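Data block below; observations after.
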Amino acid sequence: MLKRDMTIAGYDPELWQAITDETRRQEEHIELIASENYTSPRVMEAQGSQLTNKYAEGYPSKRYYGGCEYVDVVETLAIERAKELFGATYANVQPHSGSQANSAVYMALLQPGDTVLGMNLAHGGHLTHGSPVNFSGKLYNIIPYGIDESGKIDYDDMERQAVEHKPKMMIGGFSAYSGIVDWARMREIADKVGAWLFVDMAHVAGLIAAGVYPNPVPHAHVVTSTTHKTLAGPRGGLILSAADDEELYKKLNSAVFPGGQGGPLMHVIAGKAVAFKEALEPEFKTYQAQVVKNAKAMAATFIERGYKIVSGGTDNHLMLVDLIGRELTGKEADAALGKANITVNKNSVPNDPRSPFVTSGVRIGTPAITRRGFKEAESIQLTNWICDVLDNHDNDAVLATVREQVLDICRRFPVYA
């Protein structure tokens, strides 16, 4: 018999200490990694529920195990809410991650060796969009597109490459691009060469759900996303479509299960269902609008302080600070800010002369600070602290002063009150 009062704290103090330390770190550090966010206690409640015990291979009403009547309800709720949120006619909520969702799309639509047009990782793309170290770059013939000298996606070059190489699939989406993507233009190019248009909206899904960033679902054949990042749900993946193509939907379902996964994680799917319900609330739209306002305020402040922002600013939740020409690498900037309790990630910038392990930039995002309650004033103050650290990265006194200021603002804006 399992007793409900069994706890980690009294049984595994080493593990509990690590959990406690991480909880304190999240409360006492300012989180600016663009792909991170704070999920709600409701989502964590779902993820810690008895649903974790249930195997449910298959799909609602078509399972390979008995006893699935209640998890069918859970998954159906998640599916219907996802479709409502993004204007889709199809949703698969089973992918364990965004990368596995992307893998399923490749499996459903392509054969190994097929040509794919995807955004260059060095220009803001993602590993799964064709990086040579990823399955996508190993199994398929990848033709990269990128940004022009202004830092914007070069659609004319994209079209030229599409006409020349005749890809079977084109990929839209990014992990480090601060502009607005013209999904309609991408679909025009895809249609011109007879390619599938697949969009990975993982980074901007929350903004899209709230209507503050263009929705790719009406334009793409298939759309994938993570369910965390700006969407602020549990860590997981999602596949959507509004193509009204039942054969396509069957291929996508089969590519997830049994093609790439076994049993779905029902406790995570329950967390997705809760997160989708939260994203349908009016407050979520207010939150996402503030995410963009805060990002714009930060980008403008960086520029005022003499720092270069790739693309000249931001229209979403993130920005890339370009450190080329400064006596400071992305790795050093990351480390210095960490000493001041500000968490970012080093990131390559276009035409970066340094390796991906060192880089000449840092990526900054506002979803997590906005979740804490930061508005423009706090975002501007924070950016000035960041610039103080970068300007004085080898000055321990400056780092210590900024750290105390960070601790103070974190106390005033707790993650979980």
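Each residue, glycine too, has its Cβ placed from N, Cα and C.
Quick look at what Swiss-Prot lists:
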BINDING   Leu121, Gly125, His126, Leu127, Ser355, Pro356, Phe357  (6S)-5,6,7,8-tetrahydrofolate binding site
MOD_RES   Lys229  N6-(pyridoxal phosphate)lysine
SITE      His228  site 'Plays an important role in substrate specificity'
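Overlay of Swiss-Prot feature records on the structure.
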{"residue": "Leu121", "record": "(6S)-5,6,7,8-tetrahydrofolate binding site", "DSSP class": "helix"}
{"residue": "His126", "record": "(6S)-5,6,7,8-tetrahydrofolate binding site", "DSSP class": "coil"}
{"residue": "His228", "record": "site 'Plays an important role in substrate specificity'", "DSSP class": "coil"}
{"residue": "Ser355", "record": "(6S)-5,6,7,8-tetrahydrofolate binding site", "DSSP class": "coil"}
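For the pair Ser355 ((6S)-5,6,7,8-tetrahydrofolate binding site) and Lys229 (N6-(pyridoxal phosphate)lysine), the Cα-Cα distance reads 26 Å. The Cβ of His228 (site 'Plays an important role in substrate specificity') lies under 8 Å from the Cβ of Ser35, Glu36, Asn37, Thr39, Pro234, Arg235, Gly236, each on the same chain and at least six residues away in sequence. Cβ neighbour density within 10 Å is lowest for Phe357 among the recorded positions Leu121, Gly125, Lys229, Pro356, Phe357.
Sequence-distant neighbours of His126 ((6S)-5,6,7,8-tetrahydrofolate binding site) (same chain, six or more apart, CB under 8 Å from its CB) are Met119, Gly173, Phe174, Ser175, Asp200, Ala202, listed in sequence order.
Here Leu127 ((6S)-5,6,7,8-tetrahydrofolate binding site) comes close to Ser99, Leu121, Val133, Asn134, Ser136: these same-chain residues lie at least six apart in sequence, with C-beta atoms under 8 angstroms from its C-beta. Between the CA atoms of Phe357 ((6S)-5,6,7,8-tetrahydrofolate binding site) and Lys229 (N6-(pyridoxal phosphate)lysine) there is a gap of 23 Å, rounded to the nearest whole number. Pro356 ((6S)-5,6,7,8-tetrahydrofolate binding site) and Lys229 (N6-(pyridoxal phosphate)lysine) have their C-alpha atoms 22 Å apart, to the nearest angstrom. Taking the C-alpha positions, the distance from Gly125 ((6S)-5,6,7,8-tetrahydrofolate binding site) to Lys229 (N6-(pyridoxal phosphate)lysine) comes to 16 Å. Binding-site extent for (6S)-5,6,7,8-tetrahydrofolate: residues Leu121, Gly125, His126, Leu127, Ser355, Pro356, Phe357, maximum pairwise Cα distance 17 Å (rounded to the nearest whole number).
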